[in-house]
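Novice: Pulled these features from TrEMBL for this protein:
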COMPBIAS  1-13  compositional bias 'Low complexity'
COMPBIAS  32-45  compositional bias 'Acidic residues'
COMPBIAS  810-826  compositional bias 'Acidic residues'
DOMAIN    52-133  domain 'RRM'
REGION    1-45  region 'Disordered'
REGION    807-826  region 'Disordered'
REPEAT    233-267  repeat 'PPR'
REPEAT    268-298  repeat 'PPR'
REPEAT    338-372  repeat 'PPR'
REPEAT    373-407  repeat 'PPR'
REPEAT    408-442  repeat 'PPR'
REPEAT    443-477  repeat 'PPR'
REPEAT    478-512  repeat 'PPR'
REPEAT    548-582  repeat 'PPR'
REPEAT    583-617  repeat 'PPR'
REPEAT    618-652  repeat 'PPR'
REPEAT    653-687  repeat 'PPR'
REPEAT    688-722  repeat 'PPR'
Amino acid sequence: LSNKLRLSSKLSPRNPPSPTFPSVIEETSPVEVEEDGDSEQNEEELDFREKGKIFVGNLPLWIKKNEVAEFFRQFGPIKNVIVIKGHDELERNMGFGFVIYDGDMAEKAAMKAVEFDGVDFHGRVLTVQLDNGKRLKGRYADRLRWVQKKDDDGHENSRSKWHQDREDSRREFRKVVESQPENWQAVVKAFERINKPSRKEFGLMVNYYARRGDMHRARETFEKMRSRGIEPTLHVYTNLIHAYAVGRDMEEALLCVKKMKGEGIEMSLVTYNILVGGFAKIGNVEAAESWFKEAKERIEVMNAVIYGSMIYAYCQACNLNRAEALVREMEEDGIDAPVDIYHTMMDGYTMIQNEEKCLLVFERLKECGFVPSVVTYGCLINLYTKMGKVSKALEISDSMKKAGIKHNMKTYSMLINGFIGLKDWANAFSVFEDVIRDGLRPDVILYNNIVKAFCGMGDMERAISIVDEMTRRRQRPTPRTFMPIIHSFARAGDMRRALEVFDMMRRSGCIPTVQTYNALILGLVEKGQMEKSVAILDEMSRASIRPNEHTYTTIMHGYASSGDTAKAFEYFSRLKNEGLELDVFTYEALLKACCKSGRMQSALAITKEMKARNIPRNTFIYNILIDGWARRGDVWEAADLMQQMRAEGVQPDIHTYTSFVNACCKAGDMERAVKAVEEMESVGVKANVKTYTTLIHGWSRAALPEKALKCFEEMKAAGEKPDGAVYHCLMTSLLSRATVVAEERAVFDGILGLCREMADREVNVDMGTAVHWSKCVQKIERGGGEITEALQNVFPPDWNSRRRTLEAVVSDEDDDDDDGGEEEVD
């Protein structure tokens, strides 16, 4: 009992009494005991104490060395992990072990790891201490006595025995597999109690591991069977292939097929179905089609299961035409489609958002006599939430309730995701309350969605309270739970809270992943704190976590936004040197840096490299390039890129057209700009506020405020709400024109109308703009007038208090303007 209590304490007793000789302790004086204890402690520290070594207690009995190493690697590089094994059951540990850190910082890493004493690890509260050498010495002596097969009295040790009745143990094993498949420990124990298992028991065990997706243990059981001289049959091989298919390791599955064929064992329809389904899950449609064709050639009678696997593969690849052809082929062969194939087709149409055909399959399902289930209605709810039509999803939900079908966790999660996509936080929380009201226990996925919703509305404290609620309800948070909270704090610039949540995540037993660090970096980049974001890379290196493509691309986007092209190229080189994959998003960040800094020749070189690597240019790439040429006012290069887009089949969007209009306006080619807007509307792309603002600014630069005012009226007629930038651009243009042509009444009416509209919308300008406009008004109405009074309504509230000072400044500048008035007009 004292040893167990000692596992949960942070500090060991200073001078622990020796547990081996209790009679000696009673008869010896305290001074003598202390001396013996000190000498024993010094001897142990001399012989067994290692720098950078920690003791880890209360480990799960099934834990493996690599999982322990993965958790403690976040504090520093690890030299070795020792998990103490049991005497009789070598596949299980004794619940404790040691971690030895490597390098010059080993002792600091050990001290940092000890700070996490009491952390949750796979449902266990770990005990983490600096090792004093006693436990290792005691276990070493025990193992030594065990190897010598002698106990303390010199007697022979007796090993534990299996049940003698083989038949009863086999029967008990089959009973446990059928009645308690979720209790893997009971299944393994029942199997190990069998004395000399037969091929049937080995096959059942391989099948059990296959259903759990534990391909390594399935292979281990398979090899144990062969080592006993039991040759595998088609059934055993098929179960092993199934294990690799569930584990998504199709290369090993194919090696098993090759070995099976080499032993003269022919594949069955079930084996082909497993291969087709396995390749379908990893998205390899070509391989799935190849094995499907081979199955049709070798198997006379096909079934709906293998057709369903092939249809699933094409639906996941969004090739619904081929999936429809397979359905027709199956029905022509006299095979009736089960309800699962209907659900697969509905899910496929959901992925391509084809509402019409999805509803057609739903009606066909009911015509064929199938009763819609929660899965059927879930496909429709998923369709409408992905399309953003949450109101229709709610109608499907009501229809489902009228049919007497209750929601499950998946359908509720779909509805919550739909509302989160629309940023409708109130309804998302309302659905969560429905989950509680229905008596369902929220799972980790649902909690993660609620955490995401709270972070989306900026209430990170409520999100943290949801994490606490998950812990109370024994729902273990995942790194995905903490990522939106960390990202939200980092984006808000509160790095202290972000790091606190990061530390909270580690204390909850979640090992930081590269995605977690990416969330920190993304938040810092969005806040423009590039130095801190780069410092996170050093933290990742210390935790032995390698940055991925997204990490470097995010940093490149940050430097691109700040116009630091050199730094963007530096991290692009690091990405290539580390052998990471270059994709279109990486080149997008690099092009953004070049175009923003005006290095268009470098941008062209990057596009040539993309072509050499067979990376196609998408709409975003073209938008960046067109915007780059627009900044330089090179309308010819921008027009050439527009033609290349059409030739490559890339459809321009609103950003493409707006950038091209900007290029035309900067080049002074307003006729081409107007044609671009007309072309945009003809292809169904509606102009937005930014498009109209760009066009108004172009007319203003062309000294045609009447055209700008007309464009402003067209914008309002189109239902677009003007913003401050539009008012500023248009008013500046009109005031500039009025200073030159004072007698033009249309310009005066435009200024007055614009002032009234700005006052009604409560649009006020900043002090700098007010000063500039006041100078123009002084030239138009030197003694004050109607325009002066109208502009007072849109000036800042403290304008009148500063008016006298500004009038003196304007008066002095007017005197200077009178001296050089002819030059200014010219």
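Each Cβ is built from the backbone N, Cα and C atoms, and glycine gets one as well.
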Novice: I'd like the per-state residue tally for the repeat 'PPR' (233-267) from DSSP, helix first, then strand, then coil.
Specialist: 26 helix, 0 strand, 9 coil
Novice: What counts of helix, strand and coil residues does DSSP assign across the repeat 'PPR' (618-652)?
Specialist: 26 helix, 0 strand, 9 coil
Novice: Helix, strand, coil residue numbers for the repeat 'PPR' (688-722) per DSSP?
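Specialist: Summed over the repeat 'PPR' (688-722), the classes give 26 helix, 0 strand, 9 coil.
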Novice: Six or more residues beyond either end and a Cβ under 8 Å away: which residues meet both conditions relative to the repeat 'PPR' (478-512)?
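Specialist: Hits for the repeat 'PPR' (478-512): 70-71, 74, 116, 119-122, 444, 447-448, 451-452, 455-456, 458, 460, 463-464, 467, 470-471, 519-520, 522-524, 526-527, 529, 532, 543, 545.
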Novice: Against which stretches of its own chain does the repeat 'PPR' (583-617) lie, if we need a Cβ under 8 Å and a gap of at least six residues from its ends?
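Specialist: Apart from its flanks, the repeat 'PPR' (583-617) reaches 549, 552-553, 556-557, 559-561, 563-565, 568-569, 572, 575, 624-625, 627-629, 631-632, 637, 648, 650.
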Novice: Grab the same-chain neighbours of the repeat 'PPR' (338-372) for me: Cβ-Cβ under 8 Å, and only residues 6 or more beyond its ends, written as numbers and ranges.
Specialist: 304, 307-308, 311-312, 314-316, 318, 320, 323-324, 327, 379-380, 382-384, 386-387, 403, 405
Novice: Provide the three-state DSSP residue tally for the repeat 'PPR' (653-687): helix first, then strand, then coil.
Specialist: 26 helix, 0 strand, 9 coil
Novice: Taking helix as H, G and I and strand as E and B in DSSP, count the residues of the domain 'RRM' (52-133) in helix, strand and coil.
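Specialist: For the domain 'RRM' (52-133), the helix, strand and coil counts are 20 helix, 30 strand, 32 coil.
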Novice: Looking only at residues six or more beyond either end of the repeat 'PPR' (688-722), which have a C-beta under 8 A from one in the stretch?
Specialist: 654, 657-658, 661-662, 664-666, 668, 670, 673-674, 677, 680, 729-730, 732-734, 736-737, 746-747, 750
